[in-house]
Amino acid sequence: MTDVTIKTLAAERQTSVERLVQQFADAGIRKSADDSVSAQEKQTLIDHLNQKNSGPDKLTLQRKTRSTLNIPGTGGKSKSVQIEVRKKRTFVKRDPQEAERLAAEEQAQREAEEQARREAEESAKREAQQKAEREAAEQAKREAAEQAKREAAEKDKVSNQQDDMTKNAQAEKARREQEAAELKRKAEEEARRKLEEEARRVAEEARRMAEENKWTDNAEPTEDSSDYHVTTSQHARQAEDESDREVEGGRGRGRNAKAARPKKGNKHAESKADREEARAAVRGGKGGKRKGSSLQQGFQKPAQAVNRDVVIGETITVGELANKMAVKGSQVIKAMMKLGAMATINQVIDQETAQLVAEEMGHKVILRRENELEEAVMSDRDTGAAAEPRAPVVTIMGHVDHGKTSLLDYIRSTKVASGEAGGITQHIGAYHVETENGMITFLDTPGHAAFTSMRARGAQATDIVVLVVAADDGVMPQTIEAIQHAKAAQVPVVVAVNKIDKPEADPDRVKNELSQYGILPEEWGGESQFVHVSAKAGTGIDELLDAILLQAEVLELKAVRKGMASGAVIESFLDKGRGPVATVLVREGTLHKGDIVLCGFEYGRVRAMRNELGQEVLEAGPSIPVEILGLSGVPAAGDEVTVVRDEKKAREVALYRQGKFREVKLARQQKSKLENMFANMTEGEVHEVNIVLKADVQGSVEAISDSLLKLSTDEVKVKIIGSGVGGITETDATLAAASNAILVGFNVRADASARKVIEAESLDLRYYSVIYNLIDEVKAAMSGMLSPELKQQIIGLAEVRDVFKSPKFGAIAGCMVTEGVVKRHNPIRVLRDNVVIYEGELESLRRFKDDVNEVRNGMECGIGVKNYNDVRTGDVIEVFEIIEIQRTIA
């Protein structure tokens, strides 16, 4: 083929010269319009164009098939379901070179597999030949051994043949005798079964006839109705009575219904009709319905409600109560909901609630006291001695700074034996003094809370109250509180009018003020003695003591001196070196060192006793206060102290009290009333002030805890996370860090390890010695948690003079600011005829086409209200702001 030029080739292919030159360039051949093209170059261009325009290497075909499936539904209606099946297939175009390479690899793989197969066949043939040779040798050995065994067996068979014949003859004879006995027994059983079946059939027929006659005549059953028989045969009568008892027993006992059913394999016991009648009488048919019978009445007498005696302990779960009443737990829960209490099946309820529920459901309740062990321990005490006169126990109360402490100091310094070395070394909280007319025991600082709790627990620890009132100050709030405590305790009051030596003293005013609260002097016809004293000068102290002894003589105070002691805890605290220490006032008996005492939730052996001077004593009689050591823990102020015989029983009683206190507490906490349920649902978030409280004595802990808990409101609550007696330890600091609480120490300090934790965790630690300062600061902390009060304040008014349309904002109100200032980012209200018709915010605030943040009084502006286009001339736009006002707790 001759060479042609680019132009000629372009004319032949009917394309432009530039495109042809570009195609040659793409194929790697550089040509111009006048250059010639050889045949080799043409072939190169054709291959390049074929490769470029060869089409896609992959072809995907998709096919969808739709069909409808009818599914039968409920109510006889069918349901149509559309089903679509999608199929997808992909074809890949292989490269010729790739196809040749794959074919070569497949051929090589087939040859390798063929070679491996031939080698495997040859190896298998060799192994089979070797195995056949081994098996032939083993077979020859086995045949030789079997031949030897057969020969030996032949010899044994000949020798034992005669013995076997003898044994077979004997066995055949025994078998024949056994078969004969079995045939005889079966014949007897068949005859007896036929007789019983006939008797039962006759009895059943008689019973049916009797029932039919009874229901037809509608007659009342008589006493001899069970003795009615329809046959004269004695055996038939017995079978009839037995059948009646079985049927009636099956009706009366639902649990023994299985016993009344016919056995599965007993086909000859009764006929098919009889078996159906028995099944219908014992249990219901399919679906709970009884199978009808033409000869049996379907009426059944309703069961009478069973009233049971329900024994209820101090606590019981709902499930246990249901089991005692033999009802379902859901019925008990329903009854509790009717009474207004929500409960679950496993919830513990108290004795009163369980009693109400059981009586509501018609049962008789027997309340059981579970403290038999405690009563047994308390009754095992030798307290049968005669009562003797005892010293009075006096509590001195009064307002702050009225000279109460000075009066006590003067009495102690003058009446305590002066020969005591070191004087009063310890402040025990109670002490006794000797006078010419007798002994008096004073309670120093019981605190009002401890005083009230002792009276509430029935501990007759206080006999007389000395009310100290300053002659120059008169009756103060705490004086009134002391009078209320004395009246609640129903104890006589002796009034000591102190500071009588001051020039401004006015004892008559004190009498007049006290008379308003029911404290009348004897000269006015009352029962209270008034004594004028001066704690500073010592005036009237002897008269006060004589008045106390006179009042005690009127009361005729007596106590048993011999026997096992009992008393009350005046104060308790935890000493770092000695452990739990309790100040005990003995009420009766004599307390000895080494006695086993039971004190509330605690118990122990008295290891040491000390009097108010800090001296060791071996015994303490009635009205004597002592410190005792050796208890298992710190008891609560006001707890009863009792001496018992056995330490093991004392421990059991203490543990029982702890567990019972916990159960009763949980039962009362879990009790939720229906009327409170919706209130609890609607309550919002309640803030809590968590406090870990430590104080020097138990009385301070109780008083501070009660005062703080009374500060709680609906929005902020005070929560005492932990409290105790003694210094602040590392455990207290860790507890405060975990619960985000405030550490409060009242007359105590934190140790070194606790201070490290407090510094590391940045805890809030506060020390106090005055309870009023503590309460004020907790109030301030609670006030900070109150949500602020929101108040709306109007800051500007704008009157709409005209309304314009804007393509961007919609209706624009042309306004004149008449009052205050209009700010862009504040909420607004639209008023029409002084009625609010819209509340929202501004979208645009302009003045002379400029966006501004505020427009003041007397200036015009354009206002665009967001999401509101119904602004009219004459409307008023009110701009306001929301102010937060911090609230405080009163």
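From the backbone N, Cα and C atoms, a Cβ is placed for every residue, glycine too.
Taken as a whole, the region '1' (1-103) shows an average pLDDT of 78 in this prediction. The region '1' annotation in Swiss-Prot covers 1-103.
If you look up Swiss-Prot, you'll see 45-304 marked as region 'Disordered'.
Residues or ranges marked as compositional bias 'Polar residues' by Swiss-Prot: 67-81.
The compositional bias 'Basic and acidic residues' feature in Swiss-Prot is assigned to 92-217 (among others).
Residues or ranges marked as region '2' by Swiss-Prot: 104-287.
Feature annotation from Swiss-Prot assigns compositional bias 'Basic residues' to 252-266.
As annotated by Swiss-Prot, compositional bias 'Basic and acidic residues' applies to 267-280 (among others).
Among the features that Swiss-Prot reports, region '3' is placed at 288-391.
The domain 'tr-type G' feature in Swiss-Prot is assigned to 389-558.
The region 'G1' feature in Swiss-Prot is assigned to 398-405; the stated evidence is similarity to another entry.
Taken residue by residue with DSSP, ASP401 (GTP binding site) is part of neither helix nor strand, so it is coil. Taking the Cβ of ASP401 (GTP binding site) as centre and 10 Å as the limit, one finds 12 other Cβ atoms among all the protein chains shown. Residues or ranges marked as GTP binding site in Swiss-Prot (evidence: similarity to another entry): 398-405, 444-448, 498-501.
What Swiss-Prot records for 423-427 is region 'G2', and it gives similarity to another entry as the kind of evidence.
Swiss-Prot lists 444-447 with the feature region 'G3', giving similarity to another entry as the kind of evidence.
Annotated region 'G4' per Swiss-Prot: 498-501, in sequence order, evidence recorded as similarity to another entry.
Among the features that Swiss-Prot reports, region '5' is placed at 541-668.
Taken from Swiss-Prot, the feature region '6' applies to 669-890.
Per DSSP, the region '5' (541-668) is made up of 37 helix, 55 strand, 36 coil. Proximity of distant same-chain residues to the region 'G4' (498-501), defined by a Cβ-Cβ separation under 8 Å and at least 6 residues beyond the stretch ends, is recorded for 402-404, 406-407, 468-473, 507, 532-537, 539-540. The recorded positions under consideration are LYS404, LYS808. Their Cβ neighbour counts within 10 Å are lowest for LYS808. All protein chains shown were included, and the count of other CB atoms within 10 Å of the CB of ILE500 (GTP binding site) stands at 21. When the alpha carbons of ILE500 (GTP binding site) and LYS808 (N6-acetyllysine) are compared, the span between them is 90 angstrom.
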